[in-house]
Structure formats: structure tokens, C-alpha cells
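Here is what TrEMBL records for this protein:
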- 1-21: compositional bias 'Polar residues' (COMPBIAS)
- 1-25: region 'Disordered' (REGION)
- 75-99: transmembrane segment (TRANSMEM)
- 84-568: domain 'Amino acid permease/ SLC12A' (DOMAIN)
- 111-134: transmembrane segment (TRANSMEM)
- 198-219: transmembrane segment (TRANSMEM)
- 226-244: transmembrane segment (TRANSMEM)
- 295-315: transmembrane segment (TRANSMEM)
- 327-352: transmembrane segment (TRANSMEM)
- 372-394: transmembrane segment (TRANSMEM)
- 425-444: transmembrane segment (TRANSMEM)
- 450-471: transmembrane segment (TRANSMEM)
- 483-501: transmembrane segment (TRANSMEM)
- 507-525: transmembrane segment (TRANSMEM)
- 579-669: domain 'SLC12A transporter C-terminal' (DOMAIN)
Amino acid sequence: MIAQNNVRSTNNDPVESSESFPITGGANGVGTSRLFRQFGSLFSSPAPTTDPAGYVEFGSISDPVASSGRTLGTFAGVFCPVALSMFSALVFIRVGFIVGNAGLYVTLLQFIIAYVILLFTVSSVCAISTNGAVEGGGVYFMISRTLGPEFGGSIGTLFFLANVVGCGLAISGCAEGIIQTFGPTDGTGSGSIPDGRWWRFLYCSSLNTLMLIVVLIGAEMFAKTSMMILGVVVICLLSTYISFLTQGPMDVSIPHENSLVNFTTARYTGLQADTLWANLHANYTKDYTSNGNQVNFAVVFGVLFSGVTGIMAGANMSGELKNPSKSIPAGTLSAVLFTFLCYMALSVLIAATTTNTLLQNNFLFLGPINLWPTFVTIGILTATFSTGLSNLIGASRVMEALAKDRVFGPLMSFVVKGTYKSNPIAAVIASWVLVETILLIGSLNTIAQINSVLFMLAYLATNLACLGIEITGAPNFRPTYKYFSWHTAFIGLLGTAIMMFVINSIYALSSIILCLLLVIALHLFSPASQGAQWGSISQALMFHQVRKYLLMLDSRKDHVKFWRPQMLLLVSSPRSCCPLIHFVNDMKKGGLYVIGHVKVGEFVDNDSSSDPTIEEYTQWLSLVDHMKVKAFVELTLSRSVREGIQHLIRISGMGAMKPNTTILGFYDEEQSKDFFEYEDSPYKTNEFDGNGVKLFPYRKSGESKSLGVVEYVRIIDDVLRMRKNLCLCRHFHRLDKQMIARNNHIRYIDVWPVNIFEPKNEDPFDVVSQFMMQLACIINMLPVWKKLELRVFLCESETVSENSAAFERPAEHRLDQRLKLLRISASIHKIPEWNKDIDFAKHRNILKQFTGNSDSNQVMAEENINRSKLYMQRINQIIRDRSNATAVTFMYLPTPPAAPSVDYKEKCHHYLDLLTELTFDLPPTILVHGIDAVTSTTL
């Protein structure tokens, strides 16, 4: 049924309390080192903050003193972890390998390319971190609050795994350094410590356990450890620079495991122009540590980049930072600049002092040529140990954030319960166990590439998040970091994607597929409904694209060839019309579908209550979700149902996407049925029965209609005068799609293209009948309805008796040709008793009185009224006799009586009475009246 005014105005409803967002006090970044104050000019104002649910509030950064458990400043919390992670084992072990194979020119170029892309990725990190308060979880928090829970959860999971694998790699590198220093040196097995697969696993497990102890003590202890280790690494690196400048020529031995060459020493020349000249160009050879595999540009670049993937180490500590929105950008940029200068200087000094032969055949040559060789050993051990420590703490923090957000439901609830004084003990232990599992694999050369690709994927997602939100033009995206734009995000995104495939295309593709699988799994099965709280960039992107294409969609360019039904279904209570809502969803054929509802009441000026439709709108959206239909919802508040329907017809849709067909329920006295409570109903639910109040009330037995007959007929007239196609639907409470699908008794969709009130031989070919056949054909194209046969009944009335035989055959032939031209597969059935039992000529003028074609001054006689009812009952019997196996019937809707006219109210009642008699006890029936042509026979 259409909307009735049994819904009450809520003028006396209390005003909804809005959630407030107070402005908090500022912070000066206590604990920031003087070294990083120069970066203060990068930030024009304090960043907006967010509450734990992700809502943005604009003001200063929250007071760090009020943030419990936040104790770290920029230097200890960001600079040290990032610098140490970017040094890792590369600074002491792999730079010589890179220069010796790629040459100085290519090495410098690769460092520049890597750091440019890292810089752009850091720019995206800075943009996100200065656009709102960053909670614990670092990269995961940033991505999930920008891209949404599905992408954020999947990328966060991969980033967690990357940290776990990275920790295992660092521990293995540390163990390698120990064995190289204290293990066997001549292949005889003699040395301070034994070597072997399980001995190496023991050393790795011991280092992993030592890291566990440090991390369990807490983030503050980790920060102190990082500061101390960074100091040691810097001292060791300085000793290397001094050695390059002071050491003279010498011979350096080749490691015994290098079986690719037959010489035992190679030359270190000290600073010499000839050595520098010889090392300028690439000279790729074989790698003695990987069974003699050939080295090329991709291998060298993969090794280089795997050593500088630590730019997120500071972001991982976001939960312990006093002022993350300031510390993350300043500390990360400082560490990137510092490590870049160190690597460039080290590359130049190596190329100028060490022969190509030594660089390619002894990756640990820095020890023998150092003035104090022990410093290099200490540097290797401390750099790798700190990298592993940073990855372990990062993995535990990301895991804690995933658990708090319930991304995987109760599966990770133990992590939340296992937190003590802001330190996620359970997450740390779980990460430690996973690292032990990685160490059991043994050789991690292949896993190292996977680790790099996983980090790349996290960087790609960060750039993608910033690029997407920048493209959408969201006004609340206002990072205070000055040097971010969509260009920087795009370059970072493109460069990261290229690097993933340069490092290893198979692993890159596998990681992307794994990420997509996680996205799909989280979307389908995750119990966390955080999308509305966090916000999802997909909504912003869809809004941006939909708006753009709606502006491009021009109604002046519409063509009948591409016509599709755009439905506006007017509903009073969805409880009683669930089958109709589903049926219209089928009939829309990919077009617009709007469910409209009129709430009767007034919006009084001096009333402080809010618009009652605002609260109800969410309930109607839940209804759409429950019904699983692809529909929009439009609600309006009006003094009458008629006026409200006029509002909905005018304002529903947007631009060229506006409804062209209005659908109403039929006005009758049949008892409404509650499909939400009916036991065998496929729509049964208790979702809308909360706190003893039933949402969407409907007219119960004994209650009178609040919508009058005259107003209903005027609504019909309004729809037609507003140039909208019209459908009146009756008996749809009998529609059962499940029975149609499984029952072979129901076999037909019927179309009756004849205006019963004023029958003519041209009725099957007019606009109304063509629209009727189009709707029936659309329904017949759908899976459930496709098995039914479409029948068109030819109801041809006699004109002049002597010419009747001449006209009979051409009409059927014309209809058959028209159906073929319209590509409508239907059978034509003539009604033999149509002319035998019914005198159309006698009833035509009588029935015209009840339509818009009548003479407005003609007075109805009681005898004519009774005769017309008998006529309708006879027509109804003819239709019923042929509807035993019919699923849906489409019939011709005559125009309502025109207003104003003599006895207009009586004509409205008789018009509706005749339609009631016509459709009595039929299958689900649609009375159709089309306005414009909707079919085309041309290409």
C-alpha cells in the first residue's frame, strides 16, 4: 500500500544529543633533540586529532602528559629505530658487494632512486600522521583509518608478517657475524665456537630470547637500548671512515667458503685515483654466497633495498610517543637524511680504496682493513641486533592494534587480555614464537626477498591511501606537513610498485594476491563493523566518481533505445509488502530503484525537536539491508500523503537519474499481513522489534484507513499529470518466488493489452500496452522468471459486423509482427467469448464517465453504475478462467476521472470500485499506464 498517515508526527520528540568534540590542549614535543628542531618549520600548525574510533577533531595535539604510557620523544622513539633499521647489516656487509658489482655510478644511482621513493613514501606517512592523532599500531593504524578495515586489516597483517620475517633475517645476520668472527676460519672445524645447522639455530634462538627479554621490559627500555646501540654503530662507522682515509695498501684474504676463485688474497689499495676509476662502471659477476648465481641489476637493487626498509620503524612506536604527529615526520626525515649521507660517503670511499676483485670475493673486507677490526664486528652485531629488536617490537605493536580493533574477531582476544602496563606481553610472546618458526627454516635468502616485497606492499598501501584521499578532495584531509601533494604520493606509489617487481615479480604478485584474499575474507567474515566509525576511502572515492559521472549524464541525450525502468515504490509499511519490494527490485533491470515513504506531520517553526525522518532513515537503510534489495531510500514529512508523494516524485533521484515510473499499492480492504512475524515467511526477522516497540507499524484488523478514496484517486491523477508511468499493484501478498522456482504448476506471465473501460482494436499497439509488454519482458528475462511463458491476450472488439472478419486476422498478424520487431518472445491468445457475451458498444459510453476521457458535466445514472459493475465482473471471470497457472498479470490502467467535474467524488469511488471488481481474486496483478514510448524497433 502507499504511505498512510497512521505514522504520527514526532513534534514532541526530545532533541537528540549530539556528540561533542572538545578542543584539547597543545604540546611542545617534550624530549625532542635540538638536532631536529630545524624540522619544526615543516609544520605550520598543530595537527587535528581523532578519538579512538577515528573521528576527526580539529585543534591542538592532545596533551602528552594526559596520554598514559607515552614516554618517548623524537630522538629515542623515532630517529634511533629508523636509523638502525635502515643501517641493519647493509652498512657493514653489503655495500662492498653492491659497489663491486654495480660500480660507483650505478650504486649512487640506485641509492638515489631508493631514497627518492623512500622520501615520497615518508611524505605520505608525514601527511597521515599530521592529519590526526596516531594511536598504537603505526602503519596499520594509518592505513586502516584511511583505507577502511578490510584494506587496513589485510595490509596490517602483511606488515606484521614482514616484521616477523625481518626480525628472523636480522637475527640470522647477527648469528652469521658471530660465526664469521668466532667460528671456524679454515674449513677444518677449529674455532672458538662450533658451526652447523642446529648450532646456528641455537645461536639464533638465544639472540631471539635476549630480544624477548629486552622487549618485555618495556618500550622505554627498548628506547634506551636503541640509543645506546645507535651510538655504538655510529662509532664503528666512524672508525671505518677513518680507516679508509689512513690505511695503506695491503692484501686481504679470501673467505674459505668462496670456492669460485682459485686465489687466496685480493688487494686493498687505499685512496688511489686508479682504483676509483676502475670501480666507476658495472662489472657483474657471480655471488659466492648463493651457489654461484649470476648477479645483475635486479639482484643488486634487491639487496640494496632490503637493507633500507626501516622507514616505518618510528611509526610502529606511535603508541609510546609523546607527540606522534610531530615526532614521526621529524624523526623519520632526519633518519632518512642521516643514513643517506652515510651510505653515499661509504660508497665513494669503498670505490676509491678497494679493488673490484676484493669487493666481489670478500663481503666482510671491512674488518681486515679497519684500524680496529673489532669495531666492525661490534658494528655488525649491534646493527643486526637492533634491527631485529625494532622488528620484534613493531610486530607486537601491530598485532596488539589488530587485536584491539577485533579485525579477526575473538581469535586474537588473548592479546588484549595479555597487556600489562601498556606493554602487550601476549603480543610480544606470540611474535617471538613466530620468529622462532621462521628461524627453523634455516636459509633465509629466499625469505629475505619475500620480506622486502611485504614491506614494499605496506609502503604501496600508504601511498595509495594518501593519493586516494587527496584525489577525492575530502575537506577534512588537511595535513600540516607542507611538502605533501598527490604528485609525491603518486611517484611513491608508482616507484614502490615497480620496485616490488624488480626485486622479485613472483613474490610481488603472490603478495598482492594474498593481500586481496585477506581483503575479501575480512570483508565477508570479519565481525568488526568499524567501517562507519573509521571511515573508508572507498566511500570517498565512490562519491567522487559518482558525482563526476552524474554531471556527465545528460537527460537531454536520453534515447528510447537505452530506456530502462527507474522505479519509485511508495510504501506505507514494509511489513505488509515485502514480496512487492522484492518484485520491484527484479523489475528495475539495473535501473534506479527508490523506496519512498511519507510521514504525515508538520515541521513547526517554534518547535525545538529535530526532523523525525532523520532517525527513521537509518531504520529504512537497515530494512534495505535485510531485504537484500539494491534500492535507495527517500523519506519526507508532509501535511498529507498526497502532498508528500508530490514531493517524492519531484525530488527523488539526482540529475538525469530520476524515477520515470511510480508504483503504488492498490487501495482495497484486504487485511494486511506482517511478513516479519509470519512463521514461514522468507522475510521473518526480529530486527525491527526492539524494546517492545515495533518499527514500521501497519494497519491492523478493525482499524480504519486514514487515506480516503478521493485522495488516492487524486494521487493517481497527480502521477500521470507529472508525466510519470504508473503501476498499481494488487494481491502481491500472494506472491511466493520460492514456490514459482520449485513448482511447475505456475507457468505463465500474462499481459492483457486492452483498456477495459474503453476498448479499441488499436489498444495492443498504443503506448500503454507497449510499456506493459516491456515490463513483462523484463521480468521474463530474470533467472527465476525465465522458465515462465509470456502470454499476450488479444481482446479484439467488433466494430462494423460486415467487416469484422476482415479485421480479425490482420490484428493478430500485426501484433505478432510487433512482438517480433520488439524481440519479445510471447504467445498470442485470442479470447473467443470476448465479442459473444459482452456488448462493448453498449458499455463503452457508460464506462467513459469514470475516466479522464468523460464529459465532465455528464451525470451518472444508478442503472449505468450497476450495469458497469456487472460488466466488470464478467470481464474478471474471463481473466480468472485463464489465470490458474499465472504468476503475475499485467493489465491496462485507464485514466482516472478528471477534476473538477460533476459528482467527482462519486466518480472516484466508482472508478476504484470498478478496478476492484476487475482485479478481484486474480493472481498478483499490476495495473499499468505508460506515458511515453519505451520500446524501439531500430538499431
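Each Cβ is built from the backbone N, Cα and C atoms, and glycine gets one as well.
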Are there residues at least 6 beyond the ends of the transmembrane segment (295-315) whose Cβ is under 8 Å from a Cβ of it, and what are they?
77-79, 81-91, 94, 97-98, 101-102, 106-107, 110-111, 114-115, 118, 121-122, 125, 129, 134, 138-139, 142, 159, 166, 282, 284-287, 327-328, 331-332, 335-336, 339, 343, 387, 390-391, 394, 448-449, 451-452, 455-456, 458-459, 499, 502-504
Can the transmembrane segment (75-99) be said to touch the transmembrane segment (226-244) if we require at least 3 CB pairs below 8 Å and skip pairs under 6 apart in sequence?
yes
Region pair the transmembrane segment (507-525) / the transmembrane segment (111-134), three or more CB pairs under 8 Å
no
Mind checking which residues reach the transmembrane segment (372-394)? Cβ under 8 Å, same chain, six or more beyond either end.
81, 84-85, 87-89, 91-93, 138, 163-164, 166-168, 170-171, 173-174, 177-178, 181, 207-208, 211-212, 214-215, 219, 222, 225-226, 229-230, 232-233, 235-237, 239-240, 310, 312-313, 316-317, 364, 366, 428, 431-432, 435
What stretch, picked from 111-134, 425-444, 483-501, has the most CB pairs under 8 A with the transmembrane segment (450-471)?
483-501
Within the domain 'Amino acid permease/ SLC12A' (84-568) only, compute the mean pLDDT.
82
Counting only residues at least 6 beyond its ends, the same-chain positions whose CB falls under 8 A of a CB in the transmembrane segment (483-501) are 42, 113-114, 116-117, 120-121, 123-124, 126-127, 301, 305, 453, 456-457, 459-460, 462-464, 466-467, 470-471, 508-509, 511
